[in-house]
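Taken from TrEMBL as is:
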type	residues	note
TRANSMEM	71-90	transmembrane segment
DOMAIN	304-472	domain 'SSD'
TRANSMEM	306-324	transmembrane segment
TRANSMEM	344-367	transmembrane segment
TRANSMEM	418-438	transmembrane segment
TRANSMEM	450-472	transmembrane segment
TRANSMEM	590-608	transmembrane segment
TRANSMEM	802-817	transmembrane segment
TRANSMEM	824-844	transmembrane segment
TRANSMEM	850-877	transmembrane segment
TRANSMEM	889-910	transmembrane segment
TRANSMEM	922-948	transmembrane segment
């Protein structure tokens, strides 16, 4: 058997064409396969949407089952919610910044582990410039109140007094014992680190010795070299002598122990420092504080005002859902609420079911002690808004069934029609968030997990709790009972002498005529079903102006009934009769296509200029005390002064002069580039050893060629107190013999390190230099390296999630939507919307970071919700013209799509007023996703479909190989 594709040509008119449909395909077949009999061929069609009919039948049977047992489907979800929500008491809040926002697989993780393995940070060997672990660290940046020179004598005295008070007099009480900083500090040898550079610089500026040199970034105090780039910030030097003239800031460091026994005291000391410095008022000094728990604590404070915002969100959505549930009656030119058909209780229970799902999801995962972080705080707002869309679809499906049918039959018919539509909505949401489980960021993984579970449980509650409520509502409607209080009977507008109260609260439309069978039956022929004129669709009933399925108790497709084309709400009629013809006008189409090109251009420009990474300062509330610290750190110390460690894991034979020369050249590469302070910023034991040989013995380093002589001199060099800092820069093969060095490290002063872009350049440059010498296995490290890894890892992760998500969405479309063309438009729409979201984030001051990554992932699912229904409806509707096809598609689907979009925006709108970057960024990106999704679905896509219309055929000639006689 062979298969030959059947050509399809655009139809210029309406109806069949013998030339188009028969002649050309057969000619093509004969040209491609001349040895095949025409009689041996038959036309077949490749079908998409293979799961659509079985799913519809399953939902039909299930709806009838729910209608027979509504109270079980109400009580069980309520009981399950109570059980699952109880797990909240085990909620595991975890807000470690380095754990949540740093990639799981990041070079900085391995670099830090390598340095820690050779040079562990333990008490007795602590040196600030060699610090690796920031646990227990307290940093103060002190400036003058008048923003002047902090090296003035009175300012130096005030800084020394503050330093001594914090070191000796500030105490906390733990278990009845008072502790000061000196009781819990990290030591170097037997000395507590209390900022010795402060005292050395004060002495030099007060009474400079004959050998003192106040140069920057390294000063010479007697015979010692002191690096002051990380102690003095905003330094001005004399151009001629390079002597320090003034400085704008001091940085004082206090390193406390953070082991298991001491950490409780350290945390108390951090809190005490916050309290003390918040009340600190000095006429000369202005102090900015940061400690190792600042970011973690500030992240926790971000969520403090979200509870009342969630309550406001719930109230807003409740009001919106009730407004959307109103059905009106018109009588004598006046409109009245139809208390029979209005679905107030159903809409309210849809929102209540979403709330039950949120509580159940958090409680369920809390039973298993899954981590919960501040990013997850956005999940309840999102799920509450997103899951209302299925409620609107179900209510819309009910409104488009015949009221003369029995309640159970109406429910079964509506659910059979809406089954695939609801399933597509849920599957796309679940899979788009599930894609986030495979990112490299724990925060994104955790948020995705909580959201996936929340959406799944909420969907389960919609299929049980909400459907049962809907069943009872239909039974009340069948008996003309009040929708809210089913005990009351409603009154008809035809009744006489109605009171104002009755007109406002008891008016209802009555149906007295009931039929159990449909008289106007249209049975589709096999030929009609084969060519797709009466397709079974996953869209909601509003998308079917041609046909409606009637579902029997066994779930089969029994019969169809015609629906009037003019039916629908007044909004739908306005869209169909006014809006659709307007955008189909040639002038409008040209304008919209030009607008799309402008949109695409701006989106691409913004995407190419997107700022990457979540900077630490953006994790803070604007009023946080640490904001001032980060601004001063960037202004005074990251422009110039920070230090990075350079470690050689393999040293080679250091007694070999050629090896030493090569190592010195490599360290020179690190010290002399656009992001380093030059040789004066290099703090390296081999350089100091070379100077030591020259000054103390008159030897040259290259003259030491004998192994024993070299290591004997090194041992003597390290034994001197002034060079003792280098003892922990060398990793010996044997600490006792000291005749072989396995590895070592040095420290390089940095400059041009103030912004995320400059930090990326610095890290890439240092790693590039290290990679040139693989035989030494060089490792570079600074605590900011971890954040730079986050900056650089966001874009690859985002791209990965986008193409993975698009693949999943197209796969869902292929299985559930019987249209290949629709699947194609789904993928293109997702790509266009994602590019727009990334691009327009740039114009709204949102970085491409782990927070925006979440909503970009989310936009994949939302794009399908917005565009798939419109594209599919346009393809399958048998309209006489493009205008009619567009009008029918938009008239039936534009308003339900808009309702879901409004609900989602309202769900996260309350986050816009927060001062937290996380919440603000989440709102802005969600808003962009919704706005651009609606723009594509209601403006761009209808025009593109109508202008570039084509029919993507799935028909083939199936032929048997038979030779012509």
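Cβ atoms are placed via backbone N, Cα and C, with glycine included.
Bear in mind that TrEMBL entries carry predicted annotations, made automatically and left uncurated.
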Contact set, same chain, for the transmembrane segment (306-324): CB under 8 Å, 6 or more residues outside the stretch: 344, 347-348, 350-351, 355, 377, 380-381, 384-385, 388, 391-392, 395, 899, 902-903, 906-911, 913-914, 919
Segment proximity, the transmembrane segment (850-877) to the transmembrane segment (802-817), 3 or more C-beta pairs under 8 Å: yes
Listed stretch, out of 418-438, 450-472, 889-910, that has the most CB pairs under 8 angstroms to the transmembrane segment (344-367): 450-472
Close approaches to the transmembrane segment (418-438) from elsewhere in its chain (Cβ under 8 angstroms; 6 or more beyond its ends): 49, 51-52, 55-56, 58-60, 386, 389-390, 393-394, 396-397, 444-445, 447-449, 451-452, 455-456, 459, 462, 537-541, 800-801, 804-805, 808-809, 812-813, 816-817, 853-854, 857-862, 864-865, 868-869
Overall pLDDT for the domain 'SSD' (304-472), taken as the rounded mean: 88
Per Cβ pairs under 8 Å, the stretch of 590-608, 850-877, 889-910 packing most closely against the transmembrane segment (824-844): 850-877
Ranked first among 850-877, 889-910, 922-948 for CB pairs under 8 angstroms with the transmembrane segment (590-608): 922-948
Tertiary contacts of the transmembrane segment (850-877), as residues 6+ beyond its ends and Cβ separation under 8 Å: 101, 375, 378, 382, 389, 421, 424-425, 428-433, 435-436, 439, 441, 443-444, 447-448, 532, 535, 537-540, 543, 545-546, 614, 790, 794, 797-798, 801-802, 805-806, 808-809, 812-813, 817-819, 821-822, 825-826, 829-830, 833-834, 837-838, 841, 885-886, 888-890, 892-894, 897, 900-901, 904, 917-918, 921-922, 925-926, 928-930, 932-934, 936-938, 941-942, 945-946
Within-chain partners of the transmembrane segment (922-948) [C-beta distance under 8 Å, separation at least 6 from its ends]: 378, 382, 580, 583-584, 588-589, 592-593, 595-596, 599, 825, 829, 832-833, 836-837, 840-841, 844, 846, 851-852, 854-856, 858-859, 862-863, 865-867, 869-871, 874-875, 882-883, 885-886, 889-890, 894, 897-898, 901, 904-905, 908-909, 911-912
